[in-house]
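This report refers to the structure that appears directly beneath it.
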Amino acid sequence: MNSTLSSQVENHSIYYNFSEKNSQFLAFENDDCHLPLAMIFTLALAYGAVIILGVSGNLALIIIILKQKEMRNVTNILIVNLSFSDLLVAIMCLPFTFVYTLMDHWVFGEVMCKLNPFVQCVSITVSIFSLVLIAVERHQLIINPRGWRPSNRHAYVGIAVIWVLAVASSLPFLIYQVLTDEPFQNVTLDAFKDKYVCFDKFLSDSHRLSYTTLLLVLQYFGPLCFIFICYFKIYIRLKRRNNMMDKMRDNKYRSSETKRINVMLLSIVVAFAVCWLPLTIFNTVFDWNHQIIATCNHNLLFLLCHLTAMISTCINPIFYGFLNKNFQRDLQFFFNFCDFRSRDDDYEVIAMSTMHTDVSKTSLKQASPVALKKIHSDDNEKI
């Protein structure tokens, strides 16, 4: 595309489409700015892999948890909610964003123009606040084990509140997202006839900046700070408890289990924060001064940041499910199209909020009074 066409479009002052915290830049570039075919092919493979892993991983996780009655505890209910929101992101966010960024015009119609960013914003809000509720449950189980503990009913209520909050905070995308051909109206080239762009058209730049800044705090910095505080307190408590047990007896298994829990807790939070940090920085910089980012580098930089953020949809099934032996065993049945067998006697009950393994019902029936006393004592120390 020549520089004259670029100037014509720039006169309309419509350079970008900020969609659910995911900026979309209308990069009307010259020929030197086009991404190489090899790069496009590589990005397409990467996006395809993330979509497949995100959809299959979260779908498997949801089916496995819902299929097993033994697994319907507070944390697993929240994990299903988290996986469902990640599933929506993988379906509604990845393919549409990738195609739109490469094509620089919207081809999916007016309904999807409004629905796509709305669903994306809802899904991301649900994901981060599901992590918040999981952190709250873990905090109560570890820091205050004899105090208030969330029940399944509390989990369902919390999920309902999360979705209401997510929908309410995402409504501006339904209201202000528009499908228009305004950037192409004065363009005479046939290639741009009947082409449309999808972008948010707020009342003013100040309104848009206020809203996007609110989302930045609501969807990233605020929840992450809260989660880090909860897990830091958990880490301190587990460390003290581990030191006390080392003084009382040599318990290498418990020490190893505590260490694994600490690594798991830290990995969950760090993975989410690291995945979303590049896109968060990109959107923040672009919102306040989009001219900082060179036009030719915009699409590629955005896609790399966006792809990194979307990897988080694949990480959650790994951390919450596939590192669990029960999930690994059930996953084999899932992909072999076999029925899940009932394991009332030998199913290994996992308190996902702590990754603590309880003994099976069979072993409880065969345990001696001394062993039962020890088991109950260990249950009081559940983390």
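Cβ atoms are placed via backbone N, Cα and C, with glycine included.
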Next item on the list: Answer with yes or no whether Swiss-Prot records Lys67 and Arg240 within the same membrane-side topological domain.
Entry: yes
Notebook entry, point to check: Between Cys93, Cys113, Cys296, which residue forms the disulfide that Swiss-Prot gives for Cys198?
Noted result: Cys113
Notebook entry, point to check: Out of Asn11, Asn73, which one does Swiss-Prot list as N-linked glycosylation site?
Noted result: Asn11
Check: Do you know which of Asn17, Asn186 is annotated N-linked glycosylation site by Swiss-Prot?
Finding: Asn17
Next item on the list: Output the single range from 45-65, 117-137, 155-175, 300-320 maximising the number of Cβ pairs under 8 Å to the transmembrane segment (212-232).
Entry: 117-137
Checklist line | Long-range Cβ neighbours of the transmembrane segment (77-97) (under 8 Å; 6 or more residues past either end) | finding: 19-20, 22, 24, 47, 50-51, 54-55, 58-59, 61-62, 65-66, 108, 112, 115-116, 119-120, 122-124, 126-127, 130-131, 133-134, 137, 152, 155-156, 158-159, 162, 306, 310, 312-313, 316-317, 320-321, 352
Notebook entry, point to check: If you count Cβ pairs under 8 Å, which stretch among 45-65, 155-175, 261-281, 300-320 touches the transmembrane segment (117-137) the most?
Noted result: 155-175
Note to self: Can you work out whether the transmembrane segment (45-65) touches the transmembrane segment (300-320), with the criterion being 3+ CB pairs under 8 Å where the paired residues are 6 or more apart along the chain?
What the structure shows: yes
Note to self: When you look at the transmembrane segment (155-175) alongside the transmembrane segment (261-281), do they share 3+ Cβ pairs under 8 Å, ignoring any pair fewer than 6 residues apart in sequence?
What the structure shows: no
Check: Taking every residue in the topological domain 'Cytoplasmic' (138-154), what is their average pLDDT?
Finding: 85
